[in-house]
């Protein structure tokens, strides 16, 4: 049955961020992506306004394209590659927040989440990629950065490059009923949101800590790249700027700005508290230099190494892990608290 452009626009307007128009056009992967990201943060949904005619045309000739899909390779797409990177990192961040308590998270959970995010974007439209090779690249990259949240970036890069290398057109397939498609989408949606909801409801304090720690880690890491850091902060402040552009100054924008300020303040206060605790473990003051931190770390490691404390092995192991965790906190660069802020007059 041919798809109508008017119906597509109507579904786009009514339930676009939830992917209703993509579900109507048979683009289930795109629909799932919109369900999990609320239309790409709203920006992807708005951008699609001009693309809907091409989506409808592609859906109406999909069977012809798929019958000839084995004759060539889809062209390279920079937009698809960037989207694979972003969604892979997004899936990794969600997994880091909700599943990092798993013992084998950095070996199994993280590369699997990032790889599935990349594959979801790779399967949008009439294209797809190789599942085994893409996940294989993610799993092979993960041990290199074991235990570091920043591993999300290289894993996503490796998986995205592999997915682009093995891109192909989707093979021809018989049509499925709407109930089967909804069932499959529902399972995928629950698999993504279930662990996050469980973590947020049953372990709220730990979930907030993971969110703050992860966001703070990335903000600190981007301090090495000022332009990228500035871009990231602009993205986080984008909803406030869009609201101000739409409604102007009516005494509302300042309160919205304060909500984003609270987010940053929470992240910084949480990381400051962790730094204070780490300094207490090392017995150092806030003014301690990097040389003093490194020197104190070597002393404590030598003192509390389990091999040197076989008479109190359990206590030594606890202190040894505590010292290593404190050192990981102290070795991260500190970003000036006021460097992120934008003056409201400049917005």
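In case you wondered, yes, glycine gets a Cβ from its N, Cα and C as well.
Keep in mind that what you see is a predicted model, and the values were worked out from it rather than measured.
TrEMBL lists transmembrane segment for one of the ranges 78-98, 246-266, namely 78-98.
Within its own chain, the transmembrane segment (145-164) has Cβ neighbours under 8 Å at 76, 80-81, 84-85, 88-89, 92-93, 96, 106-107, 110-111, 114-115, 117-119, 122, 129-130, 133-138, 214, 217-218, 221, counting only residues six or more beyond its boundaries.
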